[in-house]
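Asks: Provided herewith is a single structure, encoded as structure tokens, for subsequent inquiry.
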Amino acid sequence: MNSAYIQHCRACAADFDFLTTIGKGSFGRVFQVVHKETGKIYAMKVLSKEHIRKKNEVKHVMAELSVLKANFHHPFLVSLHFSFQNKDKLYFVLDHLNGGELFSHLQKEKHFSESRSRFYAAQIASALGYLHDKNIIYRDLKPENLLLDKHGYLVLTDFGLCKEGMTPNTVTSTFCGTPEYLAPEIILKKPYDISVDWWCLGSVLYEMMYGLPPFYSRDHNEMYNRIVNEPLKIKRSISAASTDIITGLLQKDKNKRLGSKGDFNEVKEQEFFKVIDWEKLLRREIKAPFIPRIESETDVRNIAEDFVKIKINPASLVPQNLAMTHRDHDFADFTYVQKNLVA
């Protein structure tokens, strides 16, 4: 690859055409974009620096970038291809996945079969185990952060609440996460470790089988009380293996929780996962129980209509009077190009 192309790989917003809005968050939006030179389709997350600073979220955004820069070689974790900035905005260019959020599919179908829930849970567990091996705690597992690809496999996205440096004996105490999936020790503002991710897996697995998180209430205070104090209720007949793993993952005492001793290796050895061939799963050779309907790379039928109907304002996304790169103390070293793009 010639040096001119390598230099061009230092991307900017003008290198892309913005096609459709596919997501929206507190600090910005996610767009389906096409790289003008290569024709490749990506997802581009565009964040407002002003909003990030106002909410004191600079640390979390830079933590997300740091985790993404680890250049994951894991089939169930989203990959970063480029990142860049200008005076007003930050840009993450990521894998494009248009099979829809697990959340959307769960809403449509109310709940999943045990075998389908197991297929997804195995991928989530594998991704969490990989992050933990890298001393990263995820802290925000929920169906909205799990996207399906065109083959029906899951990919974990959004690393904004990740924390690095979490070795097996390390604890932290930041109160963060999504209310429905918070572990008891976080609610109680006690020091916690990577085992909170296994609590989240239990909550998501329960939700896949039953349609709602295990201690759900519209009133957050009531829900927190249930998470901390109420016993887990298994509401309908499921297999003993399913009951065992859900009960183990949703153990309120973190020291007794499934995964607290042996992390992923302890979780994968459960009877519930006995039928999973983990090597085949990693090679994506197991046939998915559900394949989303997708007719093209730009098909957005699986994306929430509320996002798709948001109009794009190219002038705000590709400012003509701002430099391609911008130095900003808060967001130093933000620019990134995936290695295989310049090799």
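Going from the start of the chain as shown, residues are counted 1 onward.
Just so it is clear, glycine is given a Cβ too, placed from its N, Cα and C backbone atoms.
Note: TrEMBL annotation is automatic and uncurated.
Features from TrEMBL:
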DOMAIN    16-273  domain 'Protein kinase'
BINDING   Lys45  ATP binding site
DOMAIN    274-343  domain 'AGC-kinase C-terminal'
Asks: Which three-state DSSP class does Lys45 (ATP binding site) fall into?
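Replies: In three-state terms, Lys45 (ATP binding site) counts as strand.
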Asks: Taking the Cβ of Lys45 (ATP binding site) as the centre, how many other Cβ atoms fall within a 10 Å radius?
Replies: 23
Asks: Check the domain 'Protein kinase' (16-273) for me and report the mean pLDDT.
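Replies: So the average pLDDT across the domain 'Protein kinase' (16-273) works out to 96.
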